[in-house]
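**Q** Could you have a look at this structure, given as structure tokens, before my questions?
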Amino acid sequence: MGCNRNCGLITGAVIGAAVALFGGILMPVGDMLIEKTIKKESVLEEGTIAFKNWVKAGANVYRQFWIFDVQNPDEVAVNSSKIKVKQRGPYTYRVRYLAKDIITQDSKTHTVSFLRPKGAIFEPSLSVGTENDTFTVLNLAVAATPHLYPSTFVQIILNVFIKNSNSFMFQKRTLKELLWGYKDPFLSSVPYSIPTTVGVFYPYNNTADGVYKIFSGKDDISKVARIDTYKGKKHLSYWPGYCGMINGTDGATFPPFIEKNRVLQFFSSDICRSFYAVFGAEINLKGIPVYRFVLPSRIFASPLQNPDNHCFCTEKIISKDCTLYGVLDISKCKEGKPVYISLPHFLHASPEIAEPIEGLSPNEEEHSTYLDVEPVIYIFIIIFNVYYRALKGLKHNYLVPILWLNETATIGDEKAEMFRNQVTGKINLLGLVEMTLMSVGAVMFIAFTISYCACRLKNRLN
């Protein structure tokens, strides 16, 4: 009887130890299997989940615009007064809804080449008005003339055409015209063969960005989606006068297994620049843990503070010999047109830049730039930019705000639920099973071992 009891206790202890050991072994083995599966499905090749979602965005991508409506155009033009602006928006468009085009895979170099078609569909339900809402904004063609044609003689001639076309420093334009293009009366009156359509993003619809060549990640998953070349170039010298390498991804996809100490790099062809973001916080997005990466203020620092920005300061007067910070000159990216970018409302910019503008209210929470990244396999993006035009020819030089935007690619409720069930939920369930096995096994081992020892001691005393 004693033998049977002791044998049972020993057996129970052994089973408990085996269960705990199995749970311990399952942890690295399970993690290894998950990692292997994620790596396999993250490669950009036919048949993987990543490839399917990469070819055509798996989430709706929206671009929202806020327009700076100038309230006192005549006072500014006549007296060089402070420019009073009123922010209006958001006006929302759905973008990046078209599948990537002309996709070519190279198995030797493990790269994928493609074009990214452009298109924008207005979303009335997500907007405060219609595409026909009108705004008083800077006249893009008139403001650009002194920069494109600095010769005094040429400017005198062009001023004749400006006057004859009844054009002024400021103009009224609809949202659709301002963003996507309109026939400019001043340019149309010039008796030479020149482009006559202008717009902040013209041309956009029915065009394509690229050719991009990115790494598929087949040979090295840490390189997946990283740009190898853009339009055949690895260097920003594709735009004359710019310098630096084209680094990172296009901002829509990143490699899996993102760590907090990692620097995320991404390239924007809209502004001909590679950026980077650093870890800011860990947050919860629709039940999914994500890392928030933020753009450091150093990105918009002056060349004196950040030598990497010396290529983005090509105009010496407005920038005061490149000493001002908070804006980047991207005129070389826009065929010489005086275009600058900054964070909205001149957030983190030199005070003298915003001084001649009334109506701005920079806010860190609302106007910072950040990317929310699921650290294992998925990404959500929120990017902010603001576009300005430089204005010369008055008593003061201005950086006139035109608009600011954000672009969001966030997961919907239905897909968030699917992600939680198929990815986050399964990973959490595996962790729960591992901990349960280890805990139950350890408790069994300890309990049966103590019982066995107690039984042996009792037998000895008897």
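For all residues, glycine too, the Cβ spot is worked out from N, Cα and C.
All TrEMBL annotations are machine predictions without curation.
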**Q** According to TrEMBL, C313 takes part in a disulfide bond; indicate which of C311, C322 is its partner.
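**A** According to the record, the bonded cysteine is C322.
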**Q** Which of C272, C311 is the other half of the disulfide bond that TrEMBL records for C333?
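**A** Answer per TrEMBL: C272.
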**Q** Return only the integer: C-alpha distance in Å from C322 (disulfide bond) to C311 (disulfide bond).
**A** 10
**Q** Cα-Cα, whole number of Å: C333 (disulfide bond) versus C311 (disulfide bond)?
**A** 11
**Q** Can you name the residues of this chain that are 6 or more positions from C313 (disulfide bond) yet have a C-beta less than 8 Å from its C-beta?
**A** S302, P303, S319, C322, L328, D329
